[in-house]
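Asks: Straight from TrEMBL, here's the annotation block:
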TRANSMEM  51-69  transmembrane segment
TRANSMEM  89-111  transmembrane segment
TRANSMEM  118-139  transmembrane segment
TRANSMEM  145-164  transmembrane segment
TRANSMEM  217-237  transmembrane segment
TRANSMEM  249-267  transmembrane segment
TRANSMEM  299-319  transmembrane segment
TRANSMEM  331-357  transmembrane segment
TRANSMEM  388-410  transmembrane segment
Amino acid sequence: MQQVKNLAIVNGLTIDQFTPKYKRLILPIAMAALLASSVTREVTMNALSDAFWAVSCYVVFTLVVYHQISQLISSQNRLVELYHHSPTHQVVFSSLLGALPGCGGAIIVTTQFVSGRVGFGSVVAVLTATMGDAAFLILASKPSVGLGLVAMGVVVGMISGLIVNKIHAADFLSPKSANPSAKRVSQVNNTDNTDCTCKTTQESTGVQRAAINLQGLFWKWIIVPALIVAFAMSFQVDINQVLGLPANSIEWTGAVLAVVMMFLWAFTKEINDYQSTVAEDAKIASSHPMQKAAQDTHFVSAWVIVAFLFFELSVHFAHIDLGSALSGYGIYMPLVGMLVGLLPGCGPQILVTSLYITGAMPMSAQISNAISNDGDALFPAIALAPKAALAATFYSAIPAIIVGYGYYWLFEL
């Protein structure tokens, strides 16, 4: 052991200095390499173009509006104050908070539970209702489906929470006392209802701060023309023909912008553990709505790009149509969606939603995933009340299976 310690420092050098940094760079470098290769160039260009024009542009627009409204509301404490002494009212408001896109509403309720302000039924209600950041993706890509899923989550969340209230007392599995870490988490989350993590950005490096600022500037400069192009393409307008551009000019523009977007995202945060991989980046409460929207958009886009590339490259090389391949396992898909939803963090859930959008996964799987997934809200719950987090996750899985298979038997069988 002493020899290992001696080897740890040699001539002022430490092992930490040789640890790879900015592991997120693997994604944009891989994207650039796929574009450079003649074998994968065309399929990669189309996948990245679709991800940028059809997803990122709509997601950033949705997020700008969302964060602007959140800023006007100024504080989620107004909603918390609406919690009456009735556990039933708490469940109703918790379900509505869970319906908010992103993880902020769910984190509010989980931290309020830790401090003893709401009951266990409210935690089940909010975790059942929330879709995390996957809600932004589905609302931007398929608004009618997204609104239906959000409404379904509210109803199922309310019913689940009320049933749990009948089974358990309000303080079921609640920590005996709010420890200092719980108070700190509650204070952090009370600063901004759009932040999905409990960490601050004070420890970020100069490179990370510069990359974060550039993310906001990136969308500030291009959001208007990008939205015009995205809307036009949604109506099947051939932008290349309208503007007299060479073939695939807009497609290449989208692909290049997607690569730039991912390079900016890669430098904003270091990957240290599972949470830092699948949870969105922490945001400063006082940041401009455009800045927050850019950070969230790049996080969502990263997972969407991974899903799109996996889908398109598998079809290209293996000649596998994932939609057709998975159709034979239809009876298992709601179960798969539910099991993925049990994973903490928004990243895996965005993958499921992306596969649904591309047609690789059925609606029943999307429904079960939407109900069972808890987003980033599970991280503070696991840290502060692990038993309650495990129990609440189990309770959210039950309606996910019921509703998911109910849809499968009614509409897909």
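Even glycines carry a Cβ here, placed using N, Cα and C.
Model, not experiment: these values are computed from the prediction.
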Asks: Given the cut-off of 8 Å on Cβ pairs that are 6 or more apart in sequence, determine whether the transmembrane segment (89-111) and the transmembrane segment (145-164) share at least 3 such pairs.
Replies: yes
Asks: Taking a Cβ cut-off under 8 Å, which residues six or more beyond the ends of the transmembrane segment (118-139) line up next to it in the same chain?
Replies: 55, 59, 62-63, 66, 83, 87, 90-91, 93-103, 105-106, 109-110, 112, 145-147, 149-150, 153-154, 156-158, 160-162, 164-165, 168-174, 196, 280, 296, 299-300, 304, 346, 349-350, 352-354, 356-357, 366, 369-371, 373-378, 381, 388, 391-393, 395-396, 399-400
Asks: With an 8 Å cut-off on Cβ pairs and a sequence gap of 6 or more, do the transmembrane segment (249-267) and the transmembrane segment (51-69) reach 3 or more such pairs?
Replies: yes
Asks: Against the transmembrane segment (145-164), which of these stretches has the most C-beta pairs under 8 Å: 51-69, 217-237, 331-357, 388-410?
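Replies: Out of the listed stretches, 388-410 contacts the transmembrane segment (145-164) most.
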Asks: Which residues of the chain, 6 or more past the ends of the transmembrane segment (51-69), have a CB below 8 A from one of its CBs?
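Replies: Long-range Cβ neighbours of the transmembrane segment (51-69): 101-102, 136-137, 139-141, 194, 219, 223, 226-227, 229-230, 233-234, 250, 254-255, 257-258, 261, 289-290, 292-294, 296-297, 300-301, 304-305, 308.
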